[in-house]
Amino acid sequence: MKNKKEKKYVSDYLEYICFLVMLALCLYVLLKNILLGLAAIIVTVAIIYVWSRNKRLESDSWREEVKSLTMTCDKMTRTSIANIPVPVCFIELNGRIIWANKKFEEMVSDKYPIDKELEDYVGDITLRKILDETKVIEDEYSFNDRDYRIVYYFNKKNDIQDGSVDYMAVIYWFDITDLKNLNKELENNREVVLNIQVDGYEEVMKSTPEENRPIIAMDIERLLTSLQDETKGLLTKVTNDKYLLFTNEESLNELEKSKFSVLEKAREIEHGNSLPVTMSIGVGRGGDTIEKTGEFASGAMDMALGRGGDQVAVRDKEGFNFYGGKSKGYERKTKVKSRLIGLALKEIINQSNKILIMGHHYPDMDAMGAAVGVYDICKSFGKKANIVLNDVTEAVEIFVERVKEDDYYQDIFISHDKAIDMCDENTLVIVVDTHRPSYTECSKLLDISKRIVLIDHHRRGVEYINDTVLLFHEIYVSSTCEMVTELIQYIDADININKLTAEGLLGGIYLDTKNFEFKTGVRTFEAASFLRNMGADTLAVKKFFNSHAEDFLVKAEIIQRTEIIDNKICISYSNEQIDNINIVIAKAADELLNIKKIEASFVLGMKGDVVFVSARSIGDINVHVLMEKIGGGGHLDIAGAQLKDVSLSQAYNMVKEIITDYLEEEE
């Protein structure tokens, strides 16, 4: 096409030159011979006239040809739209149909849809009125049990008399029902992997009369075989207490609807066993490969076990979902793990030149007692360690002041800035009483150091400190101070700790057990007995928790405004802006559990721009799961949360909402 146009332009150019040459020759002849010159001019003019006339005729013919072709194209377009195998309609901005093809008539089951409203056929439909002919808009819409992808644009109609412009919408209806059904079928058949583990299998068997142990094992196998049949999956037994189940997404959805009733059925297995049969299940779904789905299942199992077992953790690309977790868990009486961890910690400390210890921000006696306990372990091996602490809260004020006054702990505390300056990738960072990076006293240290030790007793949350060189995470113990006390007992036979260290550790146990009333097992009393032998004075420990008179008044005000929900859950708050509001609301939450028939309590208070939530339970309601929904965590019976960027009233409504949702789910 381009070459033809170029040839045409060259031809016209040469013709013009010829005409000019002819006229020049005529003038030359005219100068030599007038008569002959005039004759030459007449002939040349005649030639030019004939040429220009032919040119005009040729141009008119071309226009007619283009016009004819355009009319043909318009006719073809109208015919194509009318016969296109996709429903098409033109509507005015008010929704009136002004044209439709046969496929649209078939779609709406009406041969005469013209001048009728589109909503009369498809129901309430809203088009995004972007009056730009170049903008093609896509949406999805469903009616008559069919799904459609509608593609439309707004086109100008002929100008109307007043000079304004009117528009109409051209809508194409693509039926995607079959495609959606196919996608749904493919999604339903995607592979799902379930890791299943019987919690504390050996201990359950030991708690069962010998003659009944085969029956327990048989009932477990029967229950899991039934699960295999229910999910149309494939069950593989790995060990006596571990199984793998392969199934699909559709079956998993049904299990989720039943809230994994297999957990409840397992707890119903009773043949003289003093410990209940419980299961932990890690589910992997939505991986790009079966290998990735298997990795999700393994990670979900770690999460389920880290949260106390007797529950299901489901993991996909988006994160975790949890089901179950209603049982309190049972104390593990063996101390083998404590001995092994103690020996490993001793070796790691001896290999370290710089050691930093930290708990969570707004530390309590469990975090501070454990930190000082770890400090004393390091000191026993001749290693200098420091505890990272910026602000001293009233919760630990008395204890910290006594530590600072004691020459044994010279220069023990350092600020965030100094700790960051000291820290490098070889610095040993020991984190106690939290496993959430964002909750640590100075989270930047976790980014700098490559050698991190974690010691914690809280139920595992989604946020977790990874890549530790040593992990000691026991959710069945009463407190982190109990864990550190066991490490002291087994890390070295000749180790001695300072009397104040022993009192700090006992104070942490005292705090988290509520004076040995909650989560107290045999090992808890053994740890307390050891600390007493180390010189801990129980009266001195009690003084760590002395309160101001103002605190009692605030607590009384909280109790007075308590709201009781469903006759079993208390919720209240404090408007007072006091430094130790987190301690006061915790004590108020404890006090509210003394009300008859109350199973759980929630108390809120604000300090600065942070709203603190303290949650307590007698064990029937898992407050850890409820607090986790607003970013908190803790234990089944003791939990809490710290909320930022919300007001006290907003936080109060958030807590009420999760309580209401919980009660509705329980119905």
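From the backbone N, Cα and C atoms, a Cβ is placed for every residue, glycine too.
Caution: TrEMBL annotation is automatic and unverified by curators.
Annotated features, as they stand in TrEMBL:
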BINDING   His360, Asp364, Asp433  Mn(2+) 1 binding site
BINDING   Asp366, Asp433, His457, Asp512  Mn(2+) 2 binding site
DOMAIN    189-317  domain 'GGDEF'
TRANSMEM  12-30  transmembrane segment
TRANSMEM  36-52  transmembrane segment
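In the structure shown, across all protein chains, His457 is the one of the binding-site residues His360, His457 with the greatest number of other Cβ atoms within 10 Å. DSSP assigns His360 (Mn(2+) 1 binding site) to a strand. A gap of 15 Å separates the Cα atoms of His360 (Mn(2+) 1 binding site) and Asp512 (Mn(2+) 2 binding site).
Listed in chain order, the extra residues whose Cβ falls within 8 Å of the Cβ center of the Mn(2+) 2 site residues Asp366, Asp433, His457, Asp512 are Asp364, Ala367, Ala370, Asp456, His458, Ser478, Ser479, Thr480, Cys481, Glu482, Gly508, Leu511.
Counting every protein chain shown, the Cβ of Asp433 (Mn(2+) 1 binding site) has 29 other Cβ atoms within 10 Å. According to DSSP, Asp433 (Mn(2+) 1 binding site) sits in a coil region rather than a helix or strand. Under DSSP, His457 (Mn(2+) 2 binding site) is assigned to coil, being neither helix nor strand in the three-state scheme.
Within 10 Å of the C-beta atom of Asp512 (Mn(2+) 2 binding site) sit 25 other C-beta atoms, taking all shown protein chains into account. Take the binding-site residues Asp364, Asp366: by the count of other Cβ atoms within 10 Å of each Cβ, the lowest one is Asp364.
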